[in-house]
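S.K.: I'd like to ask you about the structure that follows.
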Amino acid sequence: MAFRKENKIKSNFSKITIGLASPEEILENSSGEVLKPETINYRTYKPERDGLFCERIFGPIKDYECHCGKYKRIRYKGIVCDRCGVEVTEKKVRRERMGHIHLVVPVAHIWYFRSLPNKIGYLLGLPTKKLDSIIYYERYVVIQPGCVDTVGELDLLSEEEYLDILDSLPRENQLLEDTDPNKFIAKIGAEAVYDLLARLDLDSLSYELRHRANTDTSQQRKNEALKRLQVVESFRASRGRNKPEWMIMKVIPVIPPELRPLVPLDGGRFATSDLNDLYRRVIIRNNRLKRLIDIKAPEVILRNEKRMLQEAVDSLFDNSRKSSAVKTDANRPLKSLSDSLKGKQGRFRQNLLGKRVDYSARSVIVVGPELKMHECGLPKNMAAELYKPFVIRKLIECGIVKTVKSAKKIVDRKEPVVWDILEYVMKGHPVLLNRAPTLHRLGIQAFQPKLIEGKAIQLHPLACTAFNADFDGDQMAVHLPLGNEAVLEAQMLMLASHNILNPANGAPITVPSQDMVLGLYYITKLRKGTQGEGLTFYGPEEATIAYNEKKLDIHAPIHVYVEDLDENGNLVKTMVETSVGRLMVNEFVPKEIGYVNEVLGKKSLRDIIGRVIKACGVARTAQFLDDIKNLGYYMAFKGGLSFNLADVLIPPEKDELVQKGYDEVEQIMANYNMGFITNNERYNQIIDTWTHVNSNLSNILIKQLTADNDGFNSIYMMMDSGARGSKEQIRQLSGMRGLMAKPQKSGAEGGQIIENPILSNFKEGLSVLEYFISTHGARKGLADTALKTADAGYLTRRLVDVSHDVIVNEEDCGTLRGLVCTELKNNEEVIASLYERILGRVSVHDVIHPITGEVIVRSGEEIREDAAKAIQDSPIESVEIRSVLTCESKKGVCAKCYGRNLATNRMVQKGEVVGVIAAQSIGEPGTQLTLRTFHVGGIASNIATENSITSKYDGILEIDELRAVEAVDEVSGKKHLVVVSRLAEMRIVDPNTKIVLLTHNIPYGSKLFFNNGDSIKKGDVIIEWDPFNAVIVSEVSGKIEFESLVENVTYKVESDETTGLKEKIIIESKDKTKAPAAHIVDENGNYLKNYSLPLGAHVVKDNGDVVKAGEVLVKIPRAVGKAGDITGGLPRVTELFEARNPSNPAVVSEIDGEVGFGKIKRGNREITVTSKLGEVKKYMVPLSKQLLVQENDYIRAGMPLSDGATTPSDILAIKGPTAVQEYIVNEVQDVYRLQGVKINDKHFEVIVRQMMRKVEVVDPGDTRFLEQQIVDKLEVMDENDRIWGKKVVTDPGDSQTLQAGQIVTARKLRDENSMLKRRDLKLVEVRDAIPATANQILQGITRAALQTNSFMSAASFQETTKVLNEAAINGKVDRLEGLKENVICGHLIPAGTGQREFDKLIVGAKDEFDRIFANRKNVVDFNAMDKDDEE
């Protein structure tokens, strides 16, 4: 496919077009016809002439040597031998010269009639079955009925019918010209299809189909027409580039022989590429057919042979598509041309995107604690081999040897002189280290190598986190950057000491771990009652002297004068209480951040490193990290911090707690046996009991460990510092192992918990049964991990594929839109603070402090740390920030919308590949997510339910949408309101500034103790409600009557275990006509209100009871929302990114309105929503679902009517694009947060932006789009701009140039009409052009990746043949804008240092530039020349 310019391949092309090849093009690219199926002469091993490996066609096998040996050596280059016809040239031309095969009969290309959608079938309007019967020579097709009126065009005829018609025709009919409309023409095979395609008039077909799509009433026919239109339009769009008849081939190309090699094995056998077999079958059948035609064989035999030729060509192009694939002797299907492109082993992924490189090595890694942050240790032999060319050059330069060959020998012999030169060559020439799997960009970093003895690579211990490496036998690969630019990039951008921050969240990633943390924790911990406690020293030096003289313990609390920062950030001397250990640490801490006086655990270390980076920059941080690394290791060794069995303390209270647990369980079992509680409740209560025992034991245990040895218990120190181990693990060592999950068959059925806990811990040892139960979980864990890794890897791949072309392409796109950002809360607990969410983003508006009125941030400015802190501390609740979701860049995104680059803490630069970084940041922690679906069961999850709203502020209460009835508390006799509206919302407002301090929804049925407009004091309880039950409250007073309440049909009676009261519980009735309901009537029996009773409701009142307004009629236990399984972890992330609909979706209201209940039909209840304007929507909700609304409730659009998860497509349709974007971002964030993984929002936003790129055309208007077509947002905008202000001709009048339906500019129309007017002819009539309207759609990442503008990127992702197939017909052009396309073409990626604007730069020395600049009069001005050209 390379451009052949004098046989040179141009590599600086800027786009690639794909299309169908015409027979002429195939011949033009071919170097000769392959006539024989022979490959190689088995005796001479030379290619046969005119065969598949022929030298005359494809070029010589040996460099500059013809077949017969008449011409040898380079001096005959370019001569064509007169005896054997071989051109004398290099042998590598056999990699690029193509041949061809002339087929006797045309053959259909399998891609275009066997794949869906069936392209040839759609063009001709034939179903696949019929088309197959024509192509495979079973039926004749009528191409032109002529004078025969019994058949029509495209009718299929059997052979008998065909012959009958021929017989009935007059003799001279067959002698007519083919163009004569009276001639009857019917043909068979691909030839017939060729004729049909060649006769198509695409323009009129397009017009006819458009008309049909617009006017047809039947939806099915309309869809059919639209499908056909798409194919027709794609051929029309690629005008001249593609003709439909080229889907039928008369010539097929033969790929170059070196790409389908034939290798002789020992023993006279050959290993051959499958393609050779496939080509051979085509040639044999083609030649046999030629001969049969020459000897005038009977039609039957010919037809069979033609069919076999069609099948042979089919299997050559795509063997896997056929039902009867051609197999080898070993019963393995042969690999056809399509198979060599597909899949992981195909051309795209194996050879174009992932190549093996030279100058690389790999070895085991060991720890290098004495290395600097930017260094690694490289074994001598490895280095000598890697740097060989550089060493050789230096040896020759220094005059040690004269030739390259002798220099090589010296290096191979490893003579002493080599090592000195190697040292010299390695200076300033870093190597890249890579550990597989490379999950994010920190998996490859550059280091300055140091020569070491041995055979293992030494790695800096702080770089382990980024590589996810440990030293239990991990291996790493070394690569050597060769070019100057590569070396420079490795040093400036990839050096390990420059990559201290994690691009996923901006936190330091090179944080000391394990031993280092332990050592630092140990020396910074204070201990009372040690030698020298309470002494005061003048300065750190004195204290150190006292320590060295053994007069002072390292943990002793002492007072010292040190330099620390005051409020204004200036260094001053102050007295602090500290210890010698902390003084040691502070020797290394940069002065800019003051005196660090705290116990150093992993968390606090991370914060300190973050502060150091901000204050002192990267270089100083690297220095600081190395210093504390050394101190940490040294002190861990000095402290002798190991642990023994006696450090594992078992709390003495354990037996008592376990006994108590057994007693409770016995009580629960007794209740169950007496029938007070159901089996499910019993199970939940038992699980609950043991969970409590376990957590109580853990708390006692941790308390005890903390007290042990003044907190210097080794195990406790390891846990507390964050070096190793967790509370969970310590609990298992010395508490009890607790409850275990039952092994489940598949990930789908959430794991039940075994109700007998493991009471032993590891110190006491487990019994056989306990061991058996626990070993099961452990093994399953290992199996899960293996599966999970593959899943996470696949997720990353899809994410990269969808986002790789998101590059920062401009500074500012100038959009006025943004996202409103607030802090995220879950039940009043702040999950993500406003500070975290707005830091490093750009504000849309000026942010003004509401009380002081000062401007904190100007619009279009980055919100830096101090500004974010100021906003957080002020009463501002939300800030509108720029986001990639609202960015309006045409290509990629702009820097302002993206904000800060988290890896550098500065605004993102042009050319940063934010898409790939986002994909890696989300994919990399994927392996830490769980695979299982969480089981939420029992009371365990409902412990901390809030049941009231207490004011945290003084202020004034405002309430919206309130409907309430007064009621009196039976116990205290106080009055309160009972809320009966579902949309009530309360706000507390600051009385002076009117700023909203707190907003909250008021739950239905809650008690309200204040009125609208009341003053509230801090700590007042405003509202309270029953946290365990949803209720139905009577809104009026009256008598209650029940309908359809029949014992054991619609309800059953159960007794409450605590009170012994009997309750009626509504059950699902077999009799679907009965719908239980409660009516409230007045004395005269008039209905006042009725309430429908949902499943599982506990009816509190009896028939005929008198109720007061505000009394509870029905309780619906909340826990009835069954112990459901939440899809968690990786499957949930995949579900969201793929925009899949959940298994039990909620029914959602599309409008604001009042709820009404309709009839029950077929197990579904009809619910109507009526808006204030009278619009009515009907929804069918299955009876098995719990309803979330009552009759007469007023609800808002987007609110669910039934339980279940809301589908993303519903949110998009009802609440719009912004809502669905935020929904996906927040939902995915929740999954990661649950695992304690921090990822910045902007990464998710980048992916979601890519999911929302396309729109679906609803009404194409006068544009070139089709209905239901899916197109880029920008394309629709551009097309609408193009036809804006133009006119559509409705009646061309007497105009010669215009036709009906043509789109013209107003000016052209004016000229035309004035001309017609002058001649007194009929004028042209027009209407305004109508623009297209389109709906935003949400695509899953896989679909979005396949729909990119670049066909090469899509083809290398998935469904390769389908993508190429579509692209070829559309004559698509790939403009090489993303990363993948450029990698495939072997170009630099258009990002970072490969940005296209750098292509014009010339890099040179400074003095050179100064010299040119001084004599610049003589220098040609390139810019001026460019301008002239443009003019």
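Placed from the backbone N, Cα and C atoms, the Cβ positions cover glycine too.
Given the structure is predicted, the values throughout are model-derived calculations rather than measurements.
Annotated Zn(2+) 1 binding site per Swiss-Prot: Cys66, Cys68, Cys81, Cys84, in sequence order. Here Swiss-Prot flags Asp470, Asp472, Asp474 as Mg(2+) binding site. Residues annotated as Zn(2+) 2 binding site in Swiss-Prot: Cys813, Cys887, Cys894, Cys897.
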S.K.: Sorry to bug you, but what's the C-alpha spacing from Cys887 (Zn(2+) 2 binding site) to Cys66 (Zn(2+) 1 binding site), rounded to the closest Å?
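M.R.: On Cα coordinates alone, these residues lie 62 Å apart.
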S.K.: Neighbour count, 10 Å Cβ-Cβ cut-off, for Cys887 (Zn(2+) 2 binding site): what number do you get?
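M.R.: Counting Cβ neighbours of Cys887 (Zn(2+) 2 binding site) within 10 Å gives 25.
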S.K.: If you compare CA-to-CA distances from Asp472 (Mg(2+) binding site) to each of the binding-site residues Cys84, Cys813, Cys887, Cys894, which comes out shortest?
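M.R.: So, of the listed binding-site residues, the one sitting closest to Asp472 (Mg(2+) binding site) is Cys894.
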S.K.: Could you check which of the binding-site residues Asp470, Asp474, Cys813, Cys894 is the closest Cα neighbour of Cys84 (Zn(2+) 1 binding site)?
M.R.: Asp474
S.K.: For Cys894 (Zn(2+) 2 binding site) and Asp470 (Mg(2+) binding site), what Cα-Cα distance in Å is obtained after rounding to a whole number?
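M.R.: About 39 Å separates the two Cα atoms.
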S.K.: Rank aside, I only need the closest one: which of the binding-site residues Cys68, Cys887, Cys897 has its C-alpha nearest to that of Asp474 (Mg(2+) binding site)?
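M.R.: Closest candidate to Asp474 (Mg(2+) binding site), judged by Cα separation, is Cys897.
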S.K.: With every protein chain in view, how many other Cβ atoms are within 10 Å of the Cβ of Cys81 (Zn(2+) 1 binding site)?
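M.R.: Total other Cβ atoms inside 10 Å, all chains included: 20.
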S.K.: Whole-number Å only: compute the distance from the Cα of Asp470 (Mg(2+) binding site) to the Cα of Cys897 (Zn(2+) 2 binding site).
M.R.: 38
S.K.: Would you mind listing, in sequence order, the residues at least six apart from Cys813 (Zn(2+) 2 binding site) in the same chain with a Cβ closer than 8 Å to its Cβ?
M.R.: Cys887, Glu888, Ser889, Val893, Cys894, Lys896, Cys897
S.K.: Among all protein chains shown, how many Cβ atoms are found within 10 Å of the Cβ of Cys68 (Zn(2+) 1 binding site), not counting that one?
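M.R.: Step by step: centre on the Cβ of Cys68 (Zn(2+) 1 binding site), count other Cβ atoms within 10 Å, giving 14.
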S.K.: Applying the rule Cβ within 8 Å of the centroid of the Cβ atoms of Asp470, Asp472, Asp474, what extra residues of the same chain belong around the Mg(2+) site?
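M.R.: These residues sit around the Mg(2+) site: Ile365, Ala469, Phe471, Gly473.
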S.K.: Can you tell me how many other Cβ atoms are located within 10 Å of the Cβ belonging to Cys894 (Zn(2+) 2 binding site)?
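M.R.: A count of 22.
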S.K.: Please give me the CB contact count at 10 A for Asp470 (Mg(2+) binding site), counting all chains in the structure.
M.R.: 11
S.K.: For Cys84, Cys897, listed as binding-site residues, tell me which one has the smallest number of other Cβ atoms within 10 Å.
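M.R.: Counting other Cβ atoms within 10 Å of each of the binding-site residues Cys84, Cys897 gives the minimum at Cys84.
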